[in-house]
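What follows is a single structure, written as structure tokens, with notes after it.
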Amino acid sequence: MELPAVVLYVGAGDGAAAVRRRLGDRSDLTVEVAAGQRDGLAAVESGTVDCVVTEQSLREGDGLSLLRAVRAADPSLPVLLFAPADDEALVRDALADDATGFVPRVGDAGYDLLVDRIEAVLDHRSTERQATRYEHIAAVSRKINRALLWARDRQTLETRVCDILTESEPYRFAWIGCHDPETDAIEPRAGGGDEQGYLDVVDVTAAAATDHGRGPAGRAIRTGEIQVCQDIEHAPSFEPWREAALERGFRSVAAVPLTYGGESYGALFVYADRIDAFDASELELLSDIGRDIAYATNTLELRDEVEKMAEFFEHAPVGVFVTEPVEGGVVLEANPALARLFGTESAEDLVGTEVVDVYANPEERETVLEAIREHGKVSRELELETVGGQTIWGLLTLILSERRDGQPVIVGMVKDITGKKHIQERLGEQLAFIESVLESSPVAIAVFDRDGTVLRANGYAKEVLGLETVEILGRSADGAEWQVFDDRTELLDVDDLPFGRVVATGEPVYGHEHVIEQSDGETVWLSTNMVPMTNGDGEVVRAVAAIADVTELRRKEAELQTRQSQIAFFNNLLRHEVLNGMTVVLGATERLLDALDEDDERRALVEQIDGRGVEIVDTVQRVRRVLRQIADESPEVEPHDLAAVVGDCVARLELDYPAAAVTLDAPATAPVLADELLEEVVYNVLVNAVEHNDAGDPSAWVSVAVEGETTVVRIEDDGPGIDPAIRDRVFGRDGWQTAPVSASGFGLHFVETMVAQYGGSVRVEDREPRGTRIVLELPTADGD
């Protein structure tokens with residue numbers, strides 16, 4: 001991390017305050033104050049000061065004396081003398097003593113000039129430091145690259161890298177460790193610099209659960225990312241090694257993982273003699289070094305492999321070859337086994353053949369080449385083609401190497417796996433299908449052996465049976481062990497359960513329902529289908545059960561029966577009491593109308609009663625139709641033109657509510673699946689949009705849009721909207737008491753119920769800037 005620059009102001013405190021005010025609140029610069037020469041020189045010797053500003057008149061000594069003392073302590077440290085401009089001798093002496101600059105102290109303008117000079121000096125110093133740092137990084141990189149290039153074994157490579165790093169400031173010690181995956185220990189493999197026995201007294205691991213695994217080393221191995229401890233003395237995670245490190249002068253450390261191509265080759269650890277030693281450029285250098293070491297190690301390992309392969313090249317039982325690593329490259333060498341595999345009389349017949357010719361899919365050659373260039377090696381199963389045109393499957397292993405003359409080549413091996421591949425493909429498809437069926441099944445699947453022991457259960461079995469998979473496996477099909485009851489709460493014997501019946505008869509059992517008590521005491525209803533699996537002699541050796549939790553289904557069935565009974569009762573009540581009563585009322589009004597003269601003033605009242613009675617009868621008839629529809633679990637739906645229905649509803653609304661302004665946007669036709677109550681559904685929502693509007697001249701906007709398999713009706717109003725507190729339940733039966741009910745006599749619960757039976761959905765949205773939007777989504781019907 002980059003520390004803020006430190007400006008030391010030596011002199012009166014009001015001068016430092018004036019400088020601070022002009023610099024403002026800056027995180028990259030801080031001003032410290034020293035009253036006299038002694039305090040100022042002590043601050044300089046601490047090594048933290050980036051620029052010194054001194055007044056000539058000090059509490060002890062003077063500015064010129066301080067300048068000379070600073071030059072003796074640190075010749076490169078910038079020093080600005082801030083003094084009156086009328087002392088020409090002082091100016092000459094200051095410049096003669098190598099002052100960085102002389103700033104005349106002339107009122108506020110002098111402070112402004114001083115701040116400008118401070119910023120210029122610090123910028124120049126930062127630039128010089130950056131240039132030095134880049135030069136240092138470049139020098140280290142060149143040395144390490146040469147070491148990587150000429151290394152012939154891993155030990156020499158890693159030791160040389162550690163030596164190079166510790167030859168440059170501020171690094172004191174470096175080592176490379178390997179990670180043992182079995183023990184998680186990080187063991188030293190190479191090192192360089194002033195180690196002072198440090199590795200003999202520390203224990204480093206990658207185990208996250210231990211204190212010795214939470215430091216930079218363990219984190220680097222686990223995450224594969226560079227880790228830094230910028231202050232060993234105060235970092236909590238470095239506590240296990242703090243004392244040993246500080247005794248040896250180590251103040252900060254970086255841990256660099258060595259990874260390449262997904263392979264870990266350990267980690268590089270670099271220790272510095274000061275805190276915050278690893279800035280962004282240093283970390284970038286170390287990260288590059290880590291990648292280069294891993295790549296070089298990988299290359300060395302590949303070289304070893306190639307050398308070993310050369311020993312059995314001619315006698316290997318698999319095809320071995322050498323090719324050019326370019327598109328269109330040819331076979332340079334081949335062994336007898338390769339000739340037999342591709343159907344030639346001798347290996348020489350393959351030499352000079354274009355490699356792409358042996359690929360059944362030539363475009364795969366370029367893909368393989370790209371993988372080799374990136375990773376240095378590749379192993380793939382590919383379809384190959386023999387000289388005679390036969391397609392075979394080969395396990396192809398390729399390694400990027402080079403000849404003694406430096407020519408890059410690919411060394412490859414190919415093994416005929418045609419038979420194995422075909423078997424694997426068939427088995428893989430079957431196993432994948434079976435596994436997919438088992439684990440994606442919406443019911444519990446269990447497999448029993450001949451004795452009724454559970455051999456296998458899918459993931460959903462845990463939910464249905466209330467047990468963990470390990471508790472299910474090994475259990476018996478015995479009803480007592482599972483606590484299985486019939487609907488009379490009597491414990492069932494194994495012979496009464498599906499398994500006992502399947503074993504006894506050899507026939508499948510379907511739809512067997514029973515109660516099971518789970519481990520937490522909860523009882524659930526299960527429905528079991530079980531089929532036998534037989535051997536060649538027809539004996540049952542396995543049984544597969546599909547078990548579904550039907551508790552909720554049974555509860556809903558009971559609710560439905562109760563609801564249907566209530567609906568039937570209410571429907572009969574409407575028919576016998578209301579309709580019969582209204583028949584009497586309408587008959588009476590008819591006789592009254594016949595008895596009254598046309599000019600009788602009472603005739604208008606009777607006509608009003610008669611008209612309202614007809615409306616009541618019509619409403620009751622529609623309510624009875626709705627009740628019958630709601631009670632029907634599977635209503636008959638057929639195509640209806642939603643565009644025409646909505647148009648009729650809008651026209652009807654304009655007659656019933658002349659003050660309302662309705663805008664309609666609909667296509668010529670919009671067929672949907674619904675029944676004859678569709679118009680009541682739409683009209684009910686329209687009436688709600690107008691009737692519950694607080695405006696004297698309410699407005700509504702209606703649109704119909706066919707959106708693929710769904711046709712959408714959007715009905716918007718500019719009313720007060722629906723309270724969010726009741727919006728989620730406005731369509732439910734409980735919402736009847738809070739949601740509005742339109743003049744048509746049907747609540748929004750009816751709307752939601754009917755739309756759901758059509759296979760659609762309904763929701764409420766806010767309309768901006770005010771109002772409500774109700775969205776009906778209905779299944780689109782075939783246009784024919």
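Glycine is no exception: its Cβ is also placed from the backbone N, Cα and C atoms.
The feature domain 'Response regulatory' is assigned by TrEMBL to 6-120.
The average pLDDT the prediction assigns to the domain 'PAS' (305-374) is 83. Annotated domain 'PAS' per TrEMBL: 305-374 (among others), in sequence order.
TrEMBL lists 378-429 (among others) with the feature domain 'PAC'.
Feature annotation from TrEMBL assigns domain 'PAS' to 430-476 (among others).
Residues annotated as domain 'PAC' in TrEMBL: 510-562 (among others).
What TrEMBL records for 573-782 is domain 'Histidine kinase'.
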How many helix, strand and coil residues does the domain 'PAC' (378-429) contain under DSSP?
12 helix, 29 strand, 11 coil
For the domain 'Response regulatory' (6-120), what does DSSP give as the number of helix, strand and coil residues?
54 helix, 27 strand, 34 coil
Within the domain 'PAS' (305-374), how many residues are helix, strand or coil going by DSSP?
33 helix, 12 strand, 25 coil
